[in-house]
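First, the structure itself, so that you have it in front of you.
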Number of protein chains: 2
Amino acid sequence: MLYLIGLGLADEKDITVKGLEIVKRAERVYLEAYTAILLIEKNQLEAFYGRPVIIADRELVETGSDDILADADKVDVAFLVVGDPFSATTHADLVIRARELSIPTQSIPNASILTSIGTTGLQLYNFGQTVSMVFFLPSWRPASFYDRIKENVSIGLHTLVLLDIKVKEQSLENLARGRKIYEPPRFMTVAQCADQMLEVEEEKAEGVYGKESLAVGVARVGSSDQSIAVGTLEQLKSADLGKPLHSLILLGKRVHDLEREFLKPFAIDVASFESIWKRDYNH
Amino acid sequence: MLYLIGLGLADEKDITVKGLEIVKRAERVYLEAYTAILLIEKNQLEAFYGRPVIIADRELVETGSDDILADADKVDVAFLVVGDPFSATTHADLVIRARELSIPTQSIPNASILTSIGTTGLQLYNFGQTVSMVFFLPSWRPASFYDRIKENVSIGLHTLVLLDIKVKEQSLENLARGRKIYEPPRFMTVAQCADQMLEVEEEKAEGVYGKESLAVGVARVGSSDQSIAVGTLEQLKSADLGKPLHSLILLGKRVHDLEREFLKPFAIDVASFESIWKRDYNH
């Protein structure tokens, strides 16, 4: 059996009891480590499980999946995914490949960033589609997120923006020369996301959002060290939410007073939060 | 400290290791038992925790929250919620009340039906807002879900429909006479939901969806007994997915071939699934 096991968001104890039992008895344990990270190191996981953990990078999952699946028709293989195995990143391709090999699969769900942002008090019923924000390069500034946010905004819905992480990336030079030297990992901050969003709005000028649009920055959701900051995109451009992982929520106009009340203690500046909410939201 | 602890979806072992540690040491343990249920009984939870569990019905949470919060500034109180504490049902009001009493709170996220439906292979990025479907009565057939589905459909997004449950409800007669006699619990099925959806479409006739719209019925998501059935709304009207809890996903037009490939083994009728997909979707 191939088990896809969600690890939740923060540390080794966010795995479910059921997931942990499977990890302890599985023949091999893989950790998908390129689309999200826990806030702890691999050796802490191994110490907690009492088991070695094999890092599954993008290369192994996308081109070496048969190694992961080897013998999984006879023995149990655990494939660990930060968050939930089918949420922010879907591992549907791995399951389809397992099916082709007649390997049964089971998924053990867990908390995902897609729902854990409920901790901001924002109603998940009022979220539209989720978008991703990648690190802009001088010559590559993909703005497809803008049209999707526009769709959400047009019907008053909140938008969760998931922020890029770069793990085990090669520089163009090292890539060209075939040198397996990797850059230090990078994680987009709420401030960088707000900045890129405003840059694209300035360029497209469709008024989907602006400097005074309210947004919620979150960091390390699900950990005891979780941080929330509410402000305008302009204010968030200089907000420091500390260590990764960060996400950003652009508020839709379809808001409730309960949401305002819940968010208020997290406002960067309470006066502007209240006045902009009153002026632009909940009409 | 007030801990809001997600239990996940299926059984006692879907709690996280962190959540279980808190339950074992908390002074009092409440179980919110009116918006969702686990697939097991309360005594199984108590046996697993080695602790008594107090059932928190709607009345206690909405009007007796000060009993739940009593002394929580000095001792730990665990408030257990099926799924995730802030997802399908948000307990923001309880947190706000705790804040007013200067009681610190922490939430322990877990799997929610909002994300666990990723197990169908549908991309969560392509979901719009979630809607709820209540049991229709002869004189009460609330159809506000229809306009929200219309918004999702207009931009090609999938819609998750959460289905009503009736737990500890009184008949109108018993309510009027003040008799605390409760009706047996009822859980809406995928078939009932498809039926009510088609009834409302027939009435409104805006063509938001129809008998040949594709949808996915799911039951007992996250359990080893999980069931998935894919078909038209007309086919799903007579589908039997067994025991609760059920949910339904109306497919948007913005679909991918990977989603089709993943869903195909669950089709009620593969030929009609393939031909309708080809004719109406992914254009």
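Each Cβ is built from the backbone N, Cα and C atoms, and glycine gets one as well.
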Just to be sure I read the record right: B:LEU9, B:ASP84, B:SER112, B:ILE113, B:LEU163, B:VAL221 are listed as binding S-adenosyl-L-methionine in TrEMBL. Which of B:HIS246, B:HIS256 is listed for the same site?
B:HIS246
Enter the number of other CB atoms within 10 angstroms of the CB of B:LEU9 (S-adenosyl-L-methionine binding site).
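The Cβ of B:LEU9 (S-adenosyl-L-methionine binding site) has 25 Cβ neighbours within 10 Å.
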Cβ-Cβ under 8 Å from B:ASP84 (S-adenosyl-L-methionine binding site), same chain, 6 or more residues apart: which ones?
B:GLY6, B:PRO109, B:ASN110, B:ALA111, B:SER112, B:LEU114
Write out which of the listed binding-site residues, namely B:LEU9, B:ASP84, B:SER112, B:LEU163, lie with a C-beta under 8 A from a C-beta of chain A, sequence order kept, or 'none'.
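From B:LEU9, B:ASP84, B:SER112, B:LEU163, the ones near chain A are B:LEU9, B:ASP84, B:SER112.
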Can you tell me whether DSSP puts B:VAL221 (S-adenosyl-L-methionine binding site) in helix, strand or coil?
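DSSP call for B:VAL221 (S-adenosyl-L-methionine binding site): coil, neither helix nor strand.
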